[in-house]
Structure formats: C-alpha cells, structure tokens
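**Q** Have a look at the structure that comes next, please.
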There are 2 protein chains.
Amino acid sequence: MQLNKEQVLQALSNVEEPDLKKDLVTLNMIQDIHIEGNRLSFSVILTTPACPLKGLIENACRNAISHFISPAVEVSINMTSRVTTQKNTGVPGVKNIIAVASGKGGVGKSTVAANLALGLAATGAKVGLIDADIYGPSVPIMFGLEGAKPQASQVNGKTRIEPIEKYGIKLLSIGFFTDPNQPVPWRGPMVSSAVKQLFNDADWGELDYLVVDLPPGTGDIHITVTQSFPITGAVIVTTPQNVALADAKKGIGMLMMDAINVPILGIIENMSYFTPAELPENKYYIFGEGGGVKLANMINAPFLGEIPMVKSISESGDAGKPVVLTEDGILSKAFLHLAERVAQQISVYNAKATDLQDVINR
Amino acid sequence: MQLNKEQVLQALSNVEEPDLKKDLVTLNMIQDIHIEGNRLSFSVILTTPACPLKGLIENACRNAISHFISPAVEVSINMTSRVTTQKNTGVPGVKNIIAVASGKGGVGKSTVAANLALGLAATGAKVGLIDADIYGPSVPIMFGLEGAKPQASQVNGKTRIEPIEKYGIKLLSIGFFTDPNQPVPWRGPMVSSAVKQLFNDADWGELDYLVVDLPPGTGDIHITVTQSFPITGAVIVTTPQNVALADAKKGIGMLMMDAINVPILGIIENMSYFTPAELPENKYYIFGEGGGVKLANMINAPFLGEIPMVKSISESGDAGKPVVLTEDGILSKAFLHLAERVAQQISVYNAKATDLQDVINR
Ligand SMILES: Nc1ncnc2c1ncn2[C@@H]1O[C@H](COP(=O)(O)OP(=O)(O)O)[C@@H](O)[C@H]1O
Ligand SMILES: Nc1ncnc2c1ncn2[C@@H]1O[C@H](COP(=O)(O)OP(=O)(O)O)[C@@H](O)[C@H]1O
Ligand SMILES: [Mg+2]
Ligand SMILES: [Mg+2]
C-alpha cells in the first residue's frame with residue numbers, strides 16, 4: 001500500500017471540529033503532511049492553544065486514519081495552534097481584545113481579568129493585560145509591581161512605552177503612571193487620552209489576547225475604548241445581588257448597542273457563596289443565589305461559572321501573585337478552565353464572523 | 001429664696017458640653033428659662049438630635065441646679081436640638097452635606113449612605129439623600145422605588161423637581177431619570193450637569209443633613225460636587241483589602257486637597273468578617289483583617305466601626321427596605337449608633353469652624 005496526501009486529507013475530512021462544526025480539512029487545520037513508507041505525520045492547527053477538545057480531536061484523527069486508510073499506518077500528530085483573529089483591533093500585532101466588564105465596582109473584574117490573562121498564558125498563548133481603571137487601578141498591587149515604572153523607548157522616532165513583563169504576560173496599568181499616594185482628580189477628556197495611550201503608544205509586539213480590565217460604569221473610558229479598539233468579546237463579571245445585576249445589565253446594554261456591538265463571551269458570577277473550613281458541606285449565599293445564571297439566561301449568553309468567596313483569592317491579590325499561580329488546586333483549575341472556555345468562545349466567534357479559511361491563512 | 005435667671009445661668013455655666021469642650025451658657029445652648037416660685041424650666045438646645053450625650057448633659061444640668069442653687073428647686077428640662085451649620089452648602093435650606101465616598105466600588109457606599117440617612121432621620125433630623133452614582137444608581141432598588149418618577153413643579157417660574165419621600169426621608173437618584181434597562185453611556189460634562197441638577201433644581205426644603213452617595217473614583221462627579229456644594233464632611237467606606245485601602249486613600253487624598261478641603265468624619269470598615277449561624281463564635285476574615293483601623297490611624301481620622309457580612313444586609317437592600325428599618329436588633333442598632341457618631345462629628349466640626357454663638361443663633 002502506497003500512502004498519499006490525497007488519501008490522508010480524504011480520511012481527515014471525516015473529522016469535525018466540534019465547536020466550529022466543520023471538518024478539519026475544510027477548516028484548513030491540517031498542515032505539514034509528511035509520508036515515509038507507512039509512517040505518517042501531520043500538524044493539526046487548532047484555533048486556540050487552550051482548546052479543551054485537543055485530546056478528543058487528536059483521537060478522532062487517529063481513528064479516521066485507522067478506519068479510512070489502515071490500522072497499520074503509524075501516525076504521529078503535532079497538535080499545535082494559531083489563534084485566529086477576525087477584525088482589526090486597532091492595535092498592530094494584537095489579534096484579539098478581551099474586555100472584562102461589569103457595570104458595578106468591586107465585583108471582581110480585576111481578579112477575573114488578572115487570572116484570565118494568566119490562565120490564557122498558561123495554555124501557551126501570548127497575552128497582554130491593560131488595566132484601564134484610572135481611579136482604581138489594581139494591576140500594580142495584584143502583580144506586586146507597586147512603584148514600577150515602564151521604560152520608554154524610541155521606535156521610528158516615536159516614543160514607545162514598554163509594557164512590564166511579569167509571570168509571562170505583558171502588563172500596563174494606568175497606575176504605573178500616577179502616584180499611588182495621590183488622587184487622580186481627572187475629568188473625562190484627560191482620562192480618555194491617558195487610556196488611549198496604553199493601547200496606541202505601547203510596544204505590545206505580537207499578542208494572541210489583550211485582556212482589558214475596565215473600570216465600573218459606562219463612562220468615558222468605555223466609550224473611548226469600544227470606539228477606538230474593536231473588542232473581540234467581553235466577559236461580564238457580576239455578584240449575585242439585584243443591585244449588581246442591575247448594573248451588569250446596563251454594562252451589557254452598552255456593549256450591545258448597535259454602534260458598539262461587542263459580543264458577550266459569557267457571564268461569570270463571583271463571590272457566589274462562602275464555605276467555612278469547619279463546615280465543608282455548607283454554602284452560605286451571603287449575597288443571594290443564582291443571579292449570574294439568571295442574567296446569562298436573560299441575555300442568552302453562556303454562563304461561564306461561579307467563583308466562591310475564598311480568602312486566598314483576596315490574599316493572593318493583595319500579595320502580588322494572583323491565585324491561578326498559587327498551588328491551591330481547585331481555584332487555579334477553575335480559572336484555567338475559565339481561560340479555556342473564553343479562548344474557545346473567541347475562536348467560535350472568529351470563525352463565525354469571517355471566512356475561516358481566510359482567517360487561518362492570515 | 002427668690003430664684004432668678006442670673007443664678008440659673010450662673011449654675012449652668014458649670015456644665016460643659018463634652019464634645020464641644022465649652023459650657024452650655026457660652027455655647028448659647030440654654031434657652032426659654034421660666035421661673036415660677038421654686039419651679040424652674042428651661043430648654044437645652046443640642047446641636048444634634050442624635051446626641052449620644054443627651055442623658056448625660058440633662059443629668060449634669062440637674063446636678064448643677066441642685067448643687068449651686070438648691071436641691072429644693074423643681075427642675076423641668078426640655079432637651080431639644082437645632083442642627084448647626086457652618087458654611088453655605090450651596091443648596092438653600094440645607095444645613096449640612098454629608099458625602100459618603102470610598103474610591104473603590106462595591107464596598108458598601110450605598111448601603112452605608114442609605115442606612116446612615118435613615119438612622120439620622122430616626123433621631124428626629126430632617127434628612128435628604130442624593131444618589132449621585134450615575135452609572136450604578138442604587139437608591140431605586142434599595143428603597144423599592146423602581147420606576148418611580150419625581151414630580152416636577154413650577155416655583156417662581158422655574159422648574160422644581162420634587163424629591164420622592166420614603167421612610168421619612170427625601171430622595172433623589174439619578175436613576176429616577178434614566179431607564180433602568182438602558183445603559184447611560186454619557187461622557188463627563190453630561191454627567192456633571194445631570195448631577196448638579198439633583199442639587200440645584202430640586203425642592204429640598206429645610207434639611208438638617210443631605211447625604212450624598214458618591215460613585216467610586218475621583219472623577220467628574222466628585223470634582224463637580226465638591227466644587228459646587230461645599231461639603232460639611234465625608235464618611236469613608238472601605239473593605240479590609242489592600243486594593244480597597246489603596247483606592248480609599250486616593251479618594252481621601254482628593255477630598256483633602258487644598259482646593260477641596262472636605263473634613264473626613266471617619267472611616268467605616270464594611271464586610272469585615274462573616275459569622276455562620278452554626279458557628280456563632282467564629283469570625284471569618286475573608287477579605288483580610290484590620291484594614292479600616294489602619295487607614296483611620298494613617299490619616300488620623302476616627303474609626304467609626306466595622307460592619308460584618310450579613311445576608312440580611314444585601315437581602316434588605318435588594319428588597320427595597322434598608323436593614324436599619326428591619327427588626328434585626330444588632331444591625332439596626334449599629335447603624336443608629338453610626339448615625340449618632342456622624343451627627344456628633346458634624347456638630348464638633350461646625351463648632352470648631354465658626355463662632356458657635358453665631359451659629360446657634362442663626
Ligand atoms: N471570589 C473572591 N473571594 C475572595 N475575595 C475576592 C473574590 N473576588 C474578588 N475578591 C477580592 O475583592 C476585592 C474586589 O475585587 P476586584 O477584583 O478588585 O474587583 P473590581 O475590579 O470589580 O473592583 C479584591 O480585594 C479581591 O481580591
Ligand atoms: N455588610 C454587608 N453584608 C452583606 N452584604 C453587603 C454588606 N454591605 C454591602 N452589601 C451588599 O454588597 C453590595 C455592594 O454594596 P453597595 O452598598 O451597593 O456598594 P457601593 O455603593 O460601594 O458600590 C450590595 O448588594 C449590598 O447589599
Ligand atoms: Mg478593578
Ligand atoms: Mg453605590
């Protein structure tokens with residue numbers, strides 16, 4: 001039997017990408033086919049390094065070769081990825097912008113943004129994080145970077161700010177440029193131009209995902225960011241109370257306005273309940289129950305999960321090392337899972353929004 | 001023995017107002033002296049109806065008459081109050097403006113503002129509450145006033161907005177004028193003018209205290225309010241985390257700026273700990289411990305107390321009836337006590353800031 005490329009593509013065209021609902025060949029995800037006798041190797045180029053379906057797809061490929069060609073073929077598969085993009089994000093080199101938003105303050109936006117960014121990076125993606133909360137920047141404290149000052153360099157005669165690298169991601173916070181002991185009594189136009197610089201004047205290089213931690217509300221920063229930098233999708237954080245849900249709904253309402261039109265990747269409910277170590281069976285729903293799911297159903301968006309109130313989350317944030325990096329198994333797994341879900345959602349949106357063939361070839 | 005006014009004033013000049021550190025006669029707090037035989041009656045005009053020292057002062061007056069004149073005098077004292085004022089608040093008829101601020105969102109500003117306002121009213125004061133959080137107004141939900149629309153009336157040819165009355169206080173929220181299901185994507189100047197109208201175009205009547213629930217941050221609303229309406233003092237709400245304290249410090253920094261110069265009445269730590277019903281001895285410091293006291297010491301302001309995380313606080317807020325009005329003894333007592341402390345602080349500040357004689361006679 002003489003193996004050939006045609007046969008291989010024919011066989012693999014029976015494997016469907018479960019999220020994107022098309023076969024791997026049509027999706028142009030099969031590349032680098034090499035044949036040597038009955039040894040076959042090829043690459044499967046997933047649209048997210050975090051793809052939770054990686055194992056499933058690899059198995060399906062092996063089965064297809066075995067079934068449609070022969071069990072005798074020795075198959076070696078290189079599972080790799082190239083994050084897709086769909087629209088010009090307005091920041092050269094940045095494929096996707098993910099906004100973390102809420103409407104209400106103090107619900108855990110910064111906590112989710114930081115752990116999401118680190119979770120995406122843990123899967124192998126190139127990740128940046130912008131902390132755009134001018135009046136309450138959290139990145140300096142959460143990443144142990146109080147007092148850090150980004151370098152400015154000259155690139156082609158223009159000043160470029162160098163994001164600070166920590167824990168494998170690139171960071172910029174409006175807090176790096178203001179005195180932590182001084183208030184920032186700035187009105188809207190000043191705030192807007194400061195935030196724009198974090199996107200435009202920084203040397204982000206190539207990024208798969210740029211996570212943006214937005215302030216509460218639907219004000220100047222939101223208007224400026226959504227108008228200047230087309231956002232791939234938004235993750236909405238809420239706590240379970242009515243007053244938080246009301247604000248979250250408004251935040252979502254703004255993102256869904258025709259002129260802005262940011263897809264909602266999903267809802268995360270934070271501070272859902274508390275479980276004392278002494279009563280591991282008990283869940284105390286201090287802020288009420290089920291608000292996140294209710295909101296997700298209302299706007300027909302995926303519910304991405306709930307995060308309990310856990311001391312190590314606030315402690316790790318205060319100590320400069322977000323919880324996803326610490327050894328606490330359950331929480332870091334939860335945030336990694338969240339990162340996978342978000343990456344998956346983005347890959348689906350990108351596939352829907354553009355001719356995928358075209359996108360993967362970019 | 002023939003009693004006379006002179007004698008009475010002479011005797012009462014030995015009684016000191018413990019907070020204001022001057023005697024009642026100098027403070028002009030003794031009025032309406034009536035003498036009939038050995039029957040004496042007079043009024044003590046306190047500077048706050050909430051005065052926690054009421055009983056103490058009344059006793060001291062009785063003792064002074066008994067000691068310096070004669071135990072035989074039959075004394076009848078009318079303890080009353082007239083809330084003082086010190087500066088033109090910019091809102092006619094409003095004696096004092098109390099800002100509730102934090103820097104960070106979600107720490108419980110609105111919860112404190114609502115319960116403080118109701119607590120002040122419970123002591124007999126005339127109270128108003130402005131919810132100036134344009135992107136996340138809480139008063140409509142917290143007071144069960146969703147969908148309420150304030151009446152507009154014509155006074156001297158100018159349009160006047162009628163605050164809504166509920167639970168004995170006057171309320172205006174920016175949320176009464178916006179659609180709760182629609183976002184408010186407004187930039188700074190629009191926000192500022194909307195908030196100004198809540199102060200200027202509303203028919204507040206005579207108020208002892210106008211409590212203002214400020215949004216998080218130090219932005220347009222803060223600049224506008226502090227510049228246009230001299231604030232008597234601010235209550236700062238924080239949660240125990242470093243990230244919250246950092247923002248609170250900035251909020252305070254802004255209020256203390258020379259151009260703004262708002263006295264800090266004190267710090268309240270909210271969400272200090274959680275105690276499960278099954279383990280009434282345990283306090284779980286989910287967000288860390290002691291941050292509020294630390295902050296109070298740092299800025300040399302009074303620490304006004306800590307509020308634990310209790311389901312009934314968030315439930316009552318969501319249900320339209322703030323917890324101070326409900327039957328839960330401990331929490332409502334705590335908020336009433338807070339109201340007393342705040343009123344006391346204001347009376348002290350007013351006394352320090354102006355010639356008190358002059359103030360009381362106003
Ligand atoms: N699930 C949680 N358990 C315990 N603490 C949390 C949790 N989520 C957030 N926190 C803490 O609550 C505070 C507010 O969270 P943050 O992410 O800063 O909110 P936001 O950015 O929405 O204002 C922070 O101190 C954070 O560490
Ligand atoms: N001590 C507390 N215990 C339980 N829930 C609380 C407590 N303080 C505030 N909450 C709830 O937390 C949420 C945020 O409080 P809120 O007063 O709206 O904060 P802010 O005005 O600072 O954004 C509300 O749902 C409120 O009911
Ligand atoms: Mg934040
Ligand atoms: Mg509020």
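Cβ atoms are placed via backbone N, Cα and C, with glycine included.
Found this in TrEMBL, in case it helps:
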type: DOMAIN; residues: A:5-75; note: domain 'MIP18 family-like'
type: BINDING; residues: A:Gly103, A:Lys104, A:Gly105, A:Gly106, A:Val107, A:Gly108, A:Lys109, A:Ser110; note: ATP binding site
**Q** Taking chain B as the partner, extract the binding-site residues from A:Gly103, A:Lys104, A:Gly106, A:Val107, A:Lys109 whose Cβ is under 8 Å from a partner Cβ; order them by sequence and answer 'none' if none remain.
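**A** Answer, by Cβ distance to chain B: A:Gly103, A:Lys104, A:Gly106, A:Val107.
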**Q** Look at each of the binding-site residues, A:Lys104, A:Lys109, and point out the one with the fewest other Cβ atoms around it within 10 Å.
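**A** Checked A:Lys104, A:Lys109; of these binding-site residues, fewest Cβ neighbours within 10 Å: A:Lys104.
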**Q** What's the number of neighbouring CB atoms sitting within 10 A of the CB on A:Ser110 (ATP binding site)?
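**A** Taking every protein chain into account, the count is 28.
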**Q** I'd like the Cβ neighbour count for A:Gly108 (ATP binding site), meaning other Cβ atoms within 10 Å of its Cβ, all protein chains included.
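**A** Summing over all protein chains shown, A:Gly108 (ATP binding site) has 24 other Cβ atoms within 10 Å.
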**Q** Same-chain residues six or more away whose CB lies under 8 A from the CB of A:Gly103 (ATP binding site)?
**A** A:Pro216, A:Gly217, A:Thr218, A:Thr238, A:Ala244, A:Ala246, A:Asp247, A:Ala248, A:Lys249, A:Lys250, A:Gly251, A:Ile252
**Q** What kind of secondary structure is A:Gly105 (ATP binding site) part of, going by DSSP in three states?
**A** coil
**Q** Which residues in the same chain, at least 6 apart in sequence, have a Cβ under 8 Å from the Cβ of A:Gly106 (ATP binding site)?
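**A** When sequence neighbours closer than 6 are ignored, A:Gly106 (ATP binding site) has A:Pro216 within Cβ distance under 8 Å.
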**Q** Please list, in sequence order, those binding-site residues from A:Gly103, A:Lys104, A:Ser110 with the Cβ less than 6 Å from ligand 1.
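**A** Near the molecule: A:Ser110.
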**Q** Taking every residue in the domain 'MIP18 family-like' (A:5-75), what is their average pLDDT?
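**A** Across the residues of the domain 'MIP18 family-like' (A:5-75) the model's pLDDT averages 93 on the 0 to 100 scale.
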